[in-house]
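S.K.: Quick one: the structure is below, and I'll ask about it shortly.
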There are 6 protein chains.
Amino acid sequence: MTAPFPGARAAGDGTHSATADADRTDAEHADANYHLVGAPLDATTTFQPGTRFGPDRVRRFAGTFDDYDRRTDSSFSEAAVLDGGNVRAWNDVPAYLDHLTAELRAAVIDEAVPLTIGGEHTVTRAGVRATEPDVLVVLDAHLDLRDEYDGNPLSHACVVRRCLDGLGGSDHPTVDEVVVVGARTGSREEWERSESEDVTVVPPENAGEWSDHVPDLDGRDVYLSVDIDGADPGFAPGTGTMEPFGLHPREMRDVVRGVAPHCVGFDVVEVNDRDDGQAASLAGKLLLEFVFEHAASGRD
Amino acid sequence: MTAPFPGARAAGDGTHSATADADRTDAEHADANYHLVGAPLDATTTFQPGTRFGPDRVRRFAGTFDDYDRRTDSSFSEAAVLDGGNVRAWNDVPAYLDHLTAELRAAVIDEAVPLTIGGEHTVTRAGVRATEPDVLVVLDAHLDLRDEYDGNPLSHACVVRRCLDGLGGSDHPTVDEVVVVGARTGSREEWERSESEDVTVVPPENAGEWSDHVPDLDGRDVYLSVDIDGADPGFAPGTGTMEPFGLHPREMRDVVRGVAPHCVGFDVVEVNDRDDGQAASLAGKLLLEFVFEHAASGRD
Amino acid sequence: MTAPFPGARAAGDGTHSATADADRTDAEHADANYHLVGAPLDATTTFQPGTRFGPDRVRRFAGTFDDYDRRTDSSFSEAAVLDGGNVRAWNDVPAYLDHLTAELRAAVIDEAVPLTIGGEHTVTRAGVRATEPDVLVVLDAHLDLRDEYDGNPLSHACVVRRCLDGLGGSDHPTVDEVVVVGARTGSREEWERSESEDVTVVPPENAGEWSDHVPDLDGRDVYLSVDIDGADPGFAPGTGTMEPFGLHPREMRDVVRGVAPHCVGFDVVEVNDRDDGQAASLAGKLLLEFVFEHAASGRD
Amino acid sequence: MTAPFPGARAAGDGTHSATADADRTDAEHADANYHLVGAPLDATTTFQPGTRFGPDRVRRFAGTFDDYDRRTDSSFSEAAVLDGGNVRAWNDVPAYLDHLTAELRAAVIDEAVPLTIGGEHTVTRAGVRATEPDVLVVLDAHLDLRDEYDGNPLSHACVVRRCLDGLGGSDHPTVDEVVVVGARTGSREEWERSESEDVTVVPPENAGEWSDHVPDLDGRDVYLSVDIDGADPGFAPGTGTMEPFGLHPREMRDVVRGVAPHCVGFDVVEVNDRDDGQAASLAGKLLLEFVFEHAASGRD
Amino acid sequence: MTAPFPGARAAGDGTHSATADADRTDAEHADANYHLVGAPLDATTTFQPGTRFGPDRVRRFAGTFDDYDRRTDSSFSEAAVLDGGNVRAWNDVPAYLDHLTAELRAAVIDEAVPLTIGGEHTVTRAGVRATEPDVLVVLDAHLDLRDEYDGNPLSHACVVRRCLDGLGGSDHPTVDEVVVVGARTGSREEWERSESEDVTVVPPENAGEWSDHVPDLDGRDVYLSVDIDGADPGFAPGTGTMEPFGLHPREMRDVVRGVAPHCVGFDVVEVNDRDDGQAASLAGKLLLEFVFEHAASGRD
Amino acid sequence: MTAPFPGARAAGDGTHSATADADRTDAEHADANYHLVGAPLDATTTFQPGTRFGPDRVRRFAGTFDDYDRRTDSSFSEAAVLDGGNVRAWNDVPAYLDHLTAELRAAVIDEAVPLTIGGEHTVTRAGVRATEPDVLVVLDAHLDLRDEYDGNPLSHACVVRRCLDGLGGSDHPTVDEVVVVGARTGSREEWERSESEDVTVVPPENAGEWSDHVPDLDGRDVYLSVDIDGADPGFAPGTGTMEPFGLHPREMRDVVRGVAPHCVGFDVVEVNDRDDGQAASLAGKLLLEFVFEHAASGRD
């Protein structure tokens, strides 16, 4: 168990095991609109590790945020967010993703929108499997379109590819389309894959314009994943792989606001503890912005 | 005693006590245009403490700044700033504010403009009481318009409210009008209070425009208070409560330049030691900008 | 010896001595287009020391960057960069500069473009002496036009002046013209020196415009020096002297891209280890941008 | 609510209010032998603040400890420790101490031994009021025997004095005797007070000998308070006021083991977040040692 | 490739691949008495990650050590240590251990003593497989005798067990006996396993005495593994799991000196980058002590 | 100017220039028994720089110490210590040492004992020149007996040699004898020099015994220099070159107490800002111990 997100209610005793779902009391879940979990996976980080501390760090720095949002005239604590604590991670990534998927799927069955705080980006695969969206929108410095990394097809550097193309014989659901906003780097192979019709890359320079006119999402189910390294390192140094020339916080916020009304699921990932709180503050605030906008849009 | 601000002269032996004013040598104060003090109050910080280290940290990081300012063709050391050291803080906030007010009032009597380096934002109350301005302009992420916080009406989160509405039976002077530039968060009650005619809220997005056309200040006495958390956390992580989507340093600078000619007092507050010097550098530089612009405008 | 820059080949056994050049195998140098060395000089830093750790820190944080660059459709590892390791520094600055000049001159003789990672800004003097450019373009917060600092004419604060005016009886080559982009501070004497015809100062506010229309460089040999403190401290806190109101990373990148095709040499300097990697990441990325653009322009 | 101490069960929903006691379910408290709370008071710290983060930090670093203890052949999770979360602190110290006393008193009524993680040392006053011991044993660098500090009789620097002499008209219980182990500093007045018969000072050099022959405690109720600054700063730099020449961890452990069998209450205080985890690790381990020894002695 | 250990020669181009052995030049290996590699595995760390940075950090902090050792009147650079750089790690632990074993085995074939800098403790398994000792002596806070951890039999917490009992159907060599010096914690199952005749546990309190009379090692091949967490956290906070009440540096040194003459292999592991250099300095110095003593004893 | 040492009086306006001595008011110096200056030289540090921040950091962390000392029943503020601020350092080491010597010599002329806070160890040369002792006692990890380092005979690594053998044609006074307590490392040449009759090396293991029976100092003038790296790195990580297996704080204290009564001068050096305050706390406390013991012995 861990401390719940500020303004959220804590779920049960916070213990998560393979059989935890059966133990949930119906009452506490019935009226939740959002089900938040931490997914502190830190298995495939390439450079600076520490995403295992991400969920608790985001919760901690979110403790300073006002509950009330002026723009939507609503409060986070009234948005009915249930914090189920952290889904404890271990190093068997496929098994962990299965377990996390089940947890998030339970939220969907309860008609709640799953919100995940990573953990490495790999956990997005669980969010997508649980919510089965049509479109995946990602805020990210990297394309994450590799087919494998260090021989591992479930690396954080492959997560968008997995959501698009699946994993060999696996029958897990995949999305029809991906939009990567803020992407500024990738291997040659990733850039080639990005030229297909089912991938749209919005460079940082165009993110503002894109969020002003979010195209083509009406009537489609969207999953929004925020990799905090989409931000310029000046705003989020506490992440595994810093990539300069990135998004500014207001640009990220505008994308979140623009996409949120279409969303069936959300995550924010790749925050670690190697800065002075900048990355965690930004991540926590973007999660609040998602909830405020999504709730105001009446989607749930 | 503490090291004086770079470029400033040190006052006396730096010891501050309730009777210190009587001991001042007239000579050293007579020709000072600005009287700077540190006010390391750190009593009501809600999240990350450390503002007690703020004044010395700002002085330290200001040691790298050039004395000369090209734009105004003037130098800081010629601006006649007297650094009176820190007014040692203790936890009885009302008593401390009285003491600090007396210290700043002495500067006013000497026809110097008081400059305060916090410490928590609460110390602005002393600056306002000492200078009795018509208008209070605040750079801040938060409205600070609460009537009380944790039962305490003298919390840093209430300071703008106190300057506007006073404190019950107290006959301390209050301002006629408040402008909060860069504000992006507050409780429902604070936002409601902000809708009165005597409060203007300029969101971060509009700060640039506002500073281009600083309205309505001619002929009125203004006190300018810079809460460093008005900046985006990327530029000032070393502060008690980070709030993303904030002002950029050049935006803050332009507000300072625009308002300074109208000012009877100035402070910069809420810097702590929990970053790599970003917050202290920015705070120190904004203080320099204030002095350069104010001196050039010939107000003093 | 030290770890080579990611994507670069390591040269020899990495040992550098006054006679090292004679020992180099012709083969490994013959096909290198760029010769990179670290120059960890940390002798005259005024405020926060640590530039001695700069070269290795930049290499370390560059380990996260993709080898492939989409814009130029090229890869760093194909650019034929040879990393000669660090040229070990000691405190006799004139002797060290002579030694470093010889090292960089050897690169020039081999028809490679020398790339230097500082170390303090002083090392730029060696780069200029080795490449004998017509124009020096500097990204920097400071003018660095002092004639001496603390009695030392070879201080980092004098480096641009030395490149322009030389050093008394010395017959070292000097440049015809200097452009300082992002400069926002200096002493009165520096600003006066900057008014001569051979100096152009581009304030941070105008850097974008300047890089859109890089003037007058055609047909002239340019040396580009990036002092990381040209960036706003929010983006590069790990440097000796932070100066707010600086350049944003994309602005610096655009200057690098605009100037690179004209360049005969490049350095990035003044990175230390006093932040969470922001300065080193930005420095490393700007070096990559230089190589990608320079190689694509076909200059070498 | 906060994450429970590793191996402890979490109590209720972790919310603490003035009326919380009434809401406790009898069941979960009935079978607890130890009732742990965090008391993150951070109001009167003289030098380096941050004790507000102490309880959560101790819990976090305790996550690495084995549940099983070889010496006593027992496990922490079987010791029936109930973690009631943090008793949220505010700046009205007298009111907070009353509230905390009530919380700890509830544990005593439930026949559980209260365990408190500070927070500043002031919270020991609540532990003593709740348990009404005959003797107070303190591990501390300082005597904490001041009658007031900065005019405040409830400062952390006065806590031992308050437990010994009470507070003027107050009828709160006081102890008959105090032993301060590891004390090495104090004001002249404190040392004079320490010469009375009811105070024993054991300097760091004699702590080993003292713990080998814990005197005179048989049949008396003891409260043990561990101020982490009793340790030499090399072992616990993360505390408000470092005092060299202190205790080594094994010496502190031996005192805890020697005194624990006589105890009716325990706390460990003055841990902050300004080190790399040394202070929190040591504090957490000493708490485990207390529980293992106390449980093995069959006192509860 | 990475920078070689100070005083060591660098091997080849530092690139390690599965076929690297074939490429080695015979000359440079023929006269090496010790072959050092970094093994930055960071896959199963339970609490604070960062052992991936351990090898380079140890090398860096070892840069301050004198080459000459007075006690043995010898110098490190004359001990003929070849630094083969880091064996780049990935997350497939069994495959990585096979690869690392082959690398270390090559050293043995060249009649050099393999020295490994971790990385997590798991890498000791490779050292033992490569050297096939009779006895494994471990300096460690933990028994590391678990049969599995999180379902993983190749976790760092199982490494001593693996060396003792192997891994199911695997025919990898195991040791006859294990001595764990400084151990102070473990699960009930580990302590039970430790009671067998083939395990000796020397608690921290007895380490001094044990090293004075290193028993029973004459004529037997020993592998010595130093887990830096054997030290008290005050001396080595930069490690995955701090455990108070540990060894003092001189105690660890005396064990190293006592055991070194009997050794066929050595490693020092579990150093990360989460402190101010204490752990890396101690680790590097213990490696030097091993080499000085081993070389002086004439074993190689 | 800088903040004076806690308990000390500040001298003049804290400005130091080559002619400052002439400006001192006789009154404030006449009754001082100790004259303290900071000497923030940071020019020849080999590994981790930052000694320039040492004096102010020691003063800051000394702010937590009690003024009263029980053992000697005296208080620091009554010991008549005058803090002359920092003697600003620049990179011309010979010139700086001349200047610092003059400053310290002025203290001697005023019949005060000079106390210096470094800065790198090189500054001890000034202390010895100013006080002309018979014997130099040094607490240090290193012998500092090199004849030159990087070609520089005034490096911190040569300071003991300079005090013993002088510098070529220079007629500066030298000592008759040197005792290095805690030394554990040096080059072969240094160890050979240490075998002369005029050098005594007391290894860390024998420091306790040595301080119990301080030999041969009666009737001789002694200068005591404390290099903080004499301590084990666990107790003082914030120093340029960490050397494990060092002194414990109580051992250093006992040497200081034993030697102080014989002293004509004292310094504590090599503290930087790269730890959490351990080195500065220890340094400050040792300075207090020196003053308490020296004053009690009635030497001055």
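From the backbone N, Cα and C atoms, a Cβ is placed for every residue, glycine too.
TrEMBL feature annotations, pasted as is:
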type	residues	note
BINDING	C:HIS121, C:ASP140, C:HIS142, C:ASP144, C:ASP227, C:ASP229	Mn(2+) binding site
REGION	C:1-22	region 'Disordered'
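Where in this structure would I find these features, and how exposed are they?
M.R.: Around the Cβ of C:ASP227 (Mn(2+) binding site), the number of neighbouring Cβ atoms within 10 Å comes to 32.
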S.K.: Just to be sure I understand the packing, how many Cβ atoms besides its own are within 10 Å of the Cβ of C:HIS142 (Mn(2+) binding site)?
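M.R.: Excluding its own Cβ, the number within 10 Å is 28.
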S.K.: Setting C:HIS121, C:ASP140, C:HIS142, C:ASP144, C:ASP227, C:ASP229 aside, what same-chain residues sit with their Cβ within 8 Å of the center of the Cβ atoms that define the Mn(2+) site, listed in sequence order?
M.R.: C:VAL138, C:ALA141, C:HIS156, C:ALA157, C:VAL159, C:VAL160, C:GLY230, C:VAL269, C:GLU270
S.K.: Look up C:ASP140 (Mn(2+) binding site) in the DSSP assignment and reduce it to helix, strand or coil.
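M.R.: For C:ASP140 (Mn(2+) binding site) - judged by DSSP and reduced to three states - the answer is coil.
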S.K.: Take the Cβ of C:HIS121 (Mn(2+) binding site) and count every other Cβ within 10 Å, whichever protein chain it belongs to.
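M.R.: There are 30 such Cβ atoms around C:HIS121 (Mn(2+) binding site).
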S.K.: Helix, strand or coil at C:ASP227 (Mn(2+) binding site), per DSSP?
M.R.: strand
S.K.: Please report the three-state DSSP label of C:HIS121 (Mn(2+) binding site).
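M.R.: The three-state answer is helix.
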